[in-house]
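What TrEMBL records for this protein:
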- A:33-54: transmembrane segment (TRANSMEM)
- A:60-82: transmembrane segment (TRANSMEM)
- A:89-107: transmembrane segment (TRANSMEM)
- A:113-132: transmembrane segment (TRANSMEM)
- A:196-217: transmembrane segment (TRANSMEM)
- A:247-266: transmembrane segment (TRANSMEM)
- A:315-337: transmembrane segment (TRANSMEM)
Amino acid sequence: MSVESIAVPASREECPAGVPVWQIRVGTRLSRIAAVAGIVLVVALAALPAIASRNLIQDLIFVLTMLTLAQLWNVLAGWGGLVSVGQQAFVGLGAYALFAGIVMAGLDPVAAIPLAGLFAALIAALLGPLLFRLEGPYFAIGSWVAAEALRLICAQFKSLGGGTGMSISPAELSQMFGLKTVQALLGLRPAAARDVLVYWLALLLAVLVTLGIYAFIRSRHGLALAASRDNAAAARSVGVRTARIRHLLWIAVAFATGMVGAVVYLQKARISPDAAFSVTDWTAYVIFIVVIGGVRTIEGPMVGVLLLWGLVTYLAQYGSLYLVVLGTLAILIMLFMPRGVWGAAARRWQWQLFPTQRWLGRTSGTS
Amino acid sequence: MSGFDTIIEGVLLGGVYALFALGLSLIFGIMRLVNLAHGDLILLAAYLVLSATTALGLPLAAASLLVVATMFVLGFVLQRLVLERVLGDDILPPLLVTFGLSIVIQNGLLLGYGADSRRLQAGAFESSSVTLAPGLSVGLAPLTALVTAIAAVALLQLIFYRTSLGRAFRATADNPAIAQLMGVNERNVYAIAVGLSLAVSVIAAIVFGIRASFDPSIGPARLLYAFEAVIIGGLGSLWGTLAGGIVLGLAQAIGGRINPEWQILAGHLTFLAVLMVRPRGLFPARRT
């Protein structure tokens, strides 16, 4: 059957006046309001360091970096079907590349961040063809093995502290790009100014990654990705290059994840293989954020990270109990509310702040 | 003789890894479920045996039987109440649920037993050894691990190919819908498979717990070794899994002999190398 035989006019111009046509819509009225509110929120967050305490800024660095990681995991596993339990590999690689860049190559920390992302992307490009040989669920454990192998390899670098890790002295970071400006602008001491700078970098990354994923999912490439996940054979038969799109997604996600790792460890200024490659910190929390908030939505990770932040405030002092509660919550949500908190609410009240679903509707051709 | 010792050590270590891997391989083969909590369930079994021997004061053999029964029931219930609800075409839900379970068990054990290293007490058995040849003696415990692994594979093969339960397993693995039409209760078959997987894991836990000390944080590493053994050996073959465990054990023993820091890394790199050269494993099941 040729495409022409389906009675869909190729463009508005060909359509005779008054005849109803099918139209695919993605945007909703709420989403246009949300776009304006989103811009206001980002501007407000960017201006926040002028009035906020250092504690709040540090909390928000945690929230923003976890949000970015959650968005990245969501696009990889939720939309792409590449359920990785090894994303800590790229956080760790980004962090180690940052430290190597500063300590061994004498790079400016801010300039080292994109290089750290590139390094993570390079390793992802090398590992991808190997790990993609593992079908579906086995890819999950395979990515975990790769992360463990990379942790053990990083622990071999004695110049980067070996198995015990290392710190960067504040003196080495005092000449960092932009630091003097922030100090002068907000009248802060170097340590507090570094937090503000890292906060802005984290905000920038969160905004760019969220918008990038949003644009990607709404593009035809996003549709191709979802098709590859749902039925790879069918997707290939309509011309989607499923292997290539997944590989490119895997590399792009590693690139951004590596930059997040670099930003996180620029603030911590102390690294060890066990912390930088921690499956709990960089993958378990991230998965719980996405599951609780809602898989395959842009809003889900935002809701999830705010809930996690709330739980951290009350439960973090209990350590292990906190993780037991989070894990149980994630299991219960998966069983009884598989779309997550946001997904359930969106379905109930038809909310779409960042709509990614395509709606087929009839409109009048003359509109 | 030191090179030869390393090989013996690696082969014996491989027995333990094969035991880790059998339970994982079993439920993947039958229901296409990858249980990310497998390693933590092995640890849970080890702690239950520890409690049964210390708190209840049972002898090791009685404690083992008790825990095998407990874990079988736990597996059955876990499948019927939790896993059954998320099995389907979408691979995401079962992975996320078992990953959540892994975190819950690991941190639950940390709450219940603390972070200290523990070990199962097996009396004189732990330290005694047998002399295989002049100048070559092997610890009785590691040797028992390997023999147990071989026996477990043989027993599972027997169940798979010589019993009606095994026929139901194989039929359900091939085509659950048709198996159901032939009168197989798919839900029960799956639940028994998970129960059996956990029961085998108890054997793995005991053999491992006598050989080495354990703490709640090491569960995920057990999962990774089990997985590596399955993939190195080749999917769909239990004897292959045993061989995969031995290859992994050898890789770790040889790596550890060169440099103690490389022991685990050598295992992971061997796994990646096998994936590169022979993605279907060294001894894959022949497709019929």
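The backbone N, Cα and C atoms fix where each Cβ goes, and this holds for glycine too.
Unlike curated entries, TrEMBL annotations are predicted automatically.
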Legend entry - Stretch in A:60-82, A:113-132, A:196-217, A:247-266, A:315-337 most in contact with the transmembrane segment (A:33-54), if contact is a CB pair under 8 A: A:196-217
Inset, instruction - Go through the chain and flag residues at least 6 beyond the ends of the transmembrane segment (A:196-217) whose CB is under 8 A from any CB in it; none is fine as an answer. - result: 42, 45-46, 49, 57, 60-61, 64-65, 67-68, 71-72, 74-75, 79, 110, 113, 176, 178-179, 182, 186, 188, 225, 256, 259-260, 263, 266-267, 298, 354, 356
Legend entry - Selected stretch (most C-beta pairs under 8 A with the transmembrane segment (A:247-266)) from A:60-82, A:89-107, A:113-132, A:315-337: A:113-132
Legend entry - Distant-in-sequence neighbours of the transmembrane segment (A:89-107), which means Cβ under 8 A and at least six residues beyond its ends: 69, 113, 115-117, 119-120, 123-124, 143, 146-147, 150-151, 154, 157, 159-160, 166, 168, 172-173, 253-254, 257-262, 264-266, 271, 273, 276-277, 282
Inset, instruction - Report, as numbers and ranges, every residue of the chain located at least six residues beyond the transmembrane segment (A:113-132) whose Cβ falls under 8 Å of a Cβ in that stretch; write 'none' if there are none. - result: 89-90, 93-95, 97-98, 101, 107, 139, 142-143, 146, 150, 201, 243, 246-247, 250-259, 261-263, 266
